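Okay, so here's the structure we're looking at.
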Amino acid sequence: MARDIAAPSSVPTQHKELISWVNEIAELTQPDSVVWCDGSEAEYERLSEELVRKGTFRKLDPIKRPNSYYAASDPTDVARVEDRTFICSEKEEDAGPTNHWKDPAEMREIFAGEQGVFRGSMRGRTMYVVPFCMGPLGSDLSAIGVEITDSAYVAVSMRTMTRMGQPVLDELGTDGFFVRAVHTLGAPLEAGEADVPWPCNSTKYISHFPESREIWSYGSGYGGNALLGKKCYALRIASVMARDEGWLAEHMLILKLTPPQGESKYVAAAFPSACGKTNLAMLEPTVGGWTVETIGDDIAWMRFGEDGRLYAINPEAGFFGVAPGTGEHTNANAMKTLWGNSVFTNVALTDDNDIWWEGMTEETPAHLTDWKGNDWTPESGTPAAHPNARFTVPASQCPIIAPEWEDPKGVPISAILFGGRRATAVPLVTESFDWNHGVFLGANVASEKTAAAEGKVGELRRDPFAMLPFCGYNMGDYMGHWVDVAKDKDQAKLPKIYYVNWFRKNDEGKFVWPGFGENSRVLKWIVERLEGRAEGVETPIGILPTREALDTAGLDLSASDLDFLLTVDKEVWREEAALVPEHLNTFGEHTPKELWDEYRALVQRLG
């Protein structure tokens, strides 16, 4: 299977630049062999079997979970490493205050200098060349990358998460543009040295070079650190491409909402982690006659079409979801998606060779093998699955995937939602006055870090646009880009922007809104607003539903609870507004003037 890289006849592309780059990386990393991935089913099976032989994969019960595998990572390699994630822009100012910057020349020396960590890093291993496309092949909204990796786990995962293999090389032609992504586990094998099931290195670097559109990742085999099409390309590098080319690369789900009568609407929504993004993307509405279908659960690439509307694609081909908390009662559609063809990492194993995690079932099994390989019972006092345990599954298996989820033209976005986890102050749903006010709402996305004292605003963790860990350039400039993309557009065709909060708590510390499927009631009001059919009331912070406009029929929600969810307390909001300048000042002169205008207008409206 290994091909001699030096013989052009054995290389499945005529792209000179790509061939020369692959040769260059092979020379640097010194793998035993080089394999160009073709993305075929046969290749997937072969690599999966190799991973089983190595002990990385364990095949799950073929009847309960066909063509599915279990993997347990090294206990030190379980999540994204934000403190080891670098933006290596030419100027430090371009990375901004919320990213870790490193001088690109210095970083290249660390990687490829005389003592560079990539030097010989693939010794004793196979180097896989993984051509992949973010978005449907052939779409004007899509973009190509090539990941070089010494991890077969990455190669098989990329087949699920992206369009991968020979069709991508065919699309690339002889001179097409591609983002260069280099990944090594940083675990070379000397001759005769035994391998471990999950190789990695205690030193880790996840580095992005925005100007040259490159990603270099060292030392981790896990998730977003290693599947470089996901956060590294689709958000950090793509956000820079979007800035330069006038589009948006966003940490957003995309869903299709169809009322009993009338046209379907497409909605994009950005929430920080642990705010129920995947649950909303796969929502089962409780409102009669309404349907939700999924376009994407994590990332949206959006461009303005010739008709002046904003069109979005889901650049991914799979779901890489957090397993714990996903269950029949929280996300039945995700559970149905996971029937087979899935890889589960760091979940627990049942005695009959299936998987389990916290929140998956009402009843906890009496005995499991936990993610570290230990015997586990409910008395163990530790989680059976790691809190960041993941599933990797083709999006096409989702029972409510929209037929147009791979439409190369994308889908027209009518509404954009922002939201965080706020126990206090923030109402259930707020419509922005206009686009710039909506950008102001997005810029102030926050979740509470600490429990708030009664009536007080708790300490906030700001996560503008839910992009804080994923923006590839200065966050102040990024906010400015949101203002700029709409400047010359027909305002009537822009998506309306909303801020939602499912997480308000009462004085007893209990959630007031039931959430989950009931969130469809809020979506219903939004669609009716878009159609000009629903009442709204102007408040100092935006437009809220009137009590009658929000459909609460059949909901166990008292009038006082509804008032609580739809009231703007001016005094609390003066406190809230007082926190904004410190946040906007973080970005200094990079903060767009328009956001300061919005802040001053808010203060004035609050009186």
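Positions of Cβ are set from backbone N, Cα and C atoms, glycine also.
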Further binder of Mn(2+) named by Swiss-Prot next to Lys231, His251, taken from the candidates Asp195, Asp297, Asp298:
Asp298
Select one of Arg80, Arg533, Arg547: the residue that Swiss-Prot places in the substrate site alongside Tyr222, Gly223, Gly224, Ser273, Asn388, Ala389, Arg390.
Arg80
Out of Lys231, His251, Ala274, Gly276, point to the one nearest Gly224 (substrate binding site) in space (Cα versus Cα); all of them are binding-site residues in the record.
Lys231
Measuring CB to CB from Glu518 (GTP binding site), give everything in the same chain under 8 Å that is also at least six residues away in sequence.
Thr286, Leu555
Between the recorded positions Ala274, Cys275, whose Cβ has more other Cβ atoms within 10 Å than any of the rest?
Cys275
Within 10 Å of the Cβ of Ser273 (substrate binding site), how many other Cβ atoms can be counted across all chains shown?
15
Between Cys275 (active site) and Lys231 (Mn(2+) binding site), how many Å separate their Cα atoms?
18
Tell me the Cβ neighbour count for Arg80 (substrate binding site), meaning other Cβ atoms within 10 Å of its Cβ, over all protein chains shown.
20
Which of the three DSSP-derived classes (helix, strand, coil) applies to Ser273 (substrate binding site)?
coil
Within 10 Å of its Cβ, which one of these binding-site residues (Thr278, Asn388) has the largest number of other Cβ atoms?
Thr278
